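As annotated by Swiss-Prot, substrate binding site applies to Q86, D179, S180, H181, R461, R466, R594, S657, R658. According to Swiss-Prot, the [4Fe-4S] cluster binding site annotation covers C372, C435, C438.
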Amino acid sequence: MNSLVKGISKVRSTRSFSTVSMSPLEPNKKLNYEGIDAKLKQFRLHHNKPLTLAEKIIYGHLEDPSTKVERGITYLKLHPDRVAMQDATAQMAVLQFMSAGLPETAVPTTIHCDHLIEAYKGGEKDLEVAKDINKEVYDFLSTSAKKFGMGFWKPGSGIIHQIVLENYAFPGGLMIGTDSHTPNAGGLGMVAVGVGGADAVDVMAGIPWELKAPKIIGVKLTGSLKGWSSPKDVILRVADILTVKGGTGAIVEYFGSGVESLSCTGMATICNMGAEIGATTSLFPFNKRMVDYLNSTGRSNIANAANSFKHNLVADPNAHYDQLIELNLDTLEPYINGPFTPDLGHPLSKFAESVKTNNWPAELKVGLIGSCTNSSYEDMSRSASVAQQALDKGITAKAKFTITPGSEQIRATIERDGQMKVLEKVGGVVLANACGPCIGQWKREDVPKGEKNSIITSYNRNFTGRNDSNVNTHAFVASPEIVTALTIAGDITFNPMTDFLTDKDGNKFKLTPPTGDELPSRGFDAGENTYQPPSPNGQNINVIVDSESSRLQLLQPFAPWDKKDLVDMQVLIKVQGKCTTDHISMAGPWLKYRGHLDNISNNMLIGAINSENGKANAVLNQFTGEIGPVPTVARDYKKRGVNWIVVGDENYGEGSSREHAALEPRHLGGKAILVKSFARIHETNLKKQGILPLTFANPSDYDKISGDDRISIIGLKDLAPGKQLTLIVKSAKQGSEFEIKANHTMNAGQIEWFKAGSALNYIKSEKAKKN
């Protein structure tokens, strides 16, 4: 036994955790701290080095703890503790799970109805409308949950990540979720990773989940937050430093004395928005604030177990980080990020100058607080303290104001404790416990579509047109306290640290910094019961999908590779600049088709900018000579038997975990995506669906390709891990051809997915062999 193992063995508790449930809602599913401990002990026999916290959790979930691991290189086979899915992505995941022919999920799994509720009139009215128009989907998900042994959170329950934090997250756990902001659970010391539905199906089927061993970025926090600064400002500053792709392939691990000054939900906020820097996930070490939160949410037994296991819930001394960032919270001022990208950071003291310099609209039209990022009790309390100051001076918000509680528990508690009343009095409209405007589910009517305007949110993402489908809406992201202050002022250049407001009598006054309890002194009010527990016996339940439905469609397997090179693929579109999953598969009004692959494919790449003409959703059909919508042209190529390819820029597929952005191109005849670089989740999703995700060996080759060229990929029979591919480009404009090289990151197993036509096809074929 090496010295590290000996040292750690001395502090191990002999206590058994096998009687402690992972969640009060799942009494028969137990913590496996002993199993993690045993695997780490075996892992250390082969790796005599200090480990980061992220490494401890990940390596403690390895299928084979004797695996030799090299960060950024080795593909790990892992066994997560649980799966969480939101209703928009769950539809396709459940349809895929059904086609696998398995009786029940192998790990605890939950479905959360939060994405399909459109914000319009207010919470109760919007919820009733959603229940009516989405009844078919909700019934499908509810029945599927009963049949396959999954927990089901009904519409109105709240946002998936808040529900997970309140009920399921635990220190040292490993979870995957079909939403990019799954890392929210890192606020409770959990490695929680956003994935596509096909990855979720693997885990639900009991198949090891594959993840390339991430690099580790350390963020050392010192000092403590003061005044108007909040946990949100930590991640806004980190995003400003690392940019939207700076965390790609890495886990962001926070540590240092400054951690102790952050609430558990504040740490969750920071981890949540790690998705905006492309990080695999983010997390914090186990500490007293996590214990406080676990105790307040009815999980004292987990807090006690974690305390006995804490040697594996913090990094080893002298653990190595691939990159180190240091932030002094004493001097961190509030940040406002945006517009159009979450990594364009502005210290509050300089923001007004940026607004003036860039000619952004200074008048604030709407302020929106809440979302999965900032809808905790503390967030609502601090925002209400700002609103109360305005009310005390006889004024209300000059801009429109919306409030989204993160869960039914938060809604009921702030209603009981008075924060909701204060926020409503200042002019706020309380929306349903759901995602709403954060994901584009917002029926906005205060400005005409296309009008240049500014909004500010406490959300996480502010891509062009994301919130309201208006490409001229300048969306800025800040803490809920700052959003509330600016909404009262009606001006995005207002700085509450220095500027004055005018009371009802015309007197000037300045807002004092926000205050608010981290947790309710009287405990949480659970509110209405919106939970459907897993059924103990669902074998006799039938899940029916109407063949005439416009919302749901059973999946047909994709065709396997025909063992031939991909010759003369037509470039469907050469994408110019940023191309997020919102550009590839828009949300908003399209969310209702998330369970119907053919219908939702009509939104494929309609937001991407065509480099040939600078327009969105306008590409030249090379056979008809006519300009048409991208999906229409793709369907025509497929009908003609012509394979096609997409050419893109940097960080292609940035944003959400939606696998529809990979399913749609596959469904409409796409064979490969060739770009300068990929966002992690999207690249994996493409592999899962049998599409070749390729990157230029020489990024400047992007400029050599035109939107009307044809591309051949040769030598596919020799496709192997780490081996470059040769592409032949036939230039339509020049009448010549040239050769370029492309890289890929597929390992041997992923190459088998390509050959089988998809990962699901491969799973089914392997299962058939065993039977």
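The backbone N, Cα and C atoms fix where each Cβ goes, glycine too.
Between the C-alpha atoms of C372 ([4Fe-4S] cluster binding site) and R461 (substrate binding site), the distance comes to 11 Å. R461 (substrate binding site): 27 other CB atoms within 10 A of its CB, across all protein chains. C435 ([4Fe-4S] cluster binding site) and R594 (substrate binding site) are 16 Å apart (CA-CA, integer value).
Cα to Cα, C435 ([4Fe-4S] cluster binding site) and S180 (substrate binding site) are separated by 13 Å. Burial estimate for the binding-site residues (R594, R658): highest at R658, by number of other CB atoms within 10 Å. Straight-line distance linking the Cα atoms of R658 (substrate binding site) and C438 ([4Fe-4S] cluster binding site), rounded to a whole number, equals 15 Å. In this structure, R658 (substrate binding site) belongs to neither helix nor strand by DSSP; it is coil. Here the CA atom of Q86 (substrate binding site) lies 14 Å from the CA atom of C438 ([4Fe-4S] cluster binding site). Cβ crowding, taken as the number of other Cβ atoms within 10 Å, peaks at Q86 among the binding-site residues Q86, S180. Within the set Q86, D179, S180, H181, R461, R466, R594, S657, R658 that the record links to substrate, no two Cα atoms are more than 20 Å apart, and one pair reaches that distance. Using the Cβ center of C372, C435, C438 for [4Fe-4S] cluster, the list of other same-chain residues with Cβ within 8 Å runs, in sequence order, D114, I159, H181, G370, S371, T373, T404, A434, G436, I439, Y459, N460. In three-state terms derived from DSSP, Q86 (substrate binding site) belongs to an extended strand segment. The Cβ of C438 ([4Fe-4S] cluster binding site) has 29 other Cβ atoms within 10 Å, all protein chains considered. Under the three-state DSSP scheme, C438 ([4Fe-4S] cluster binding site) falls in the helix class.
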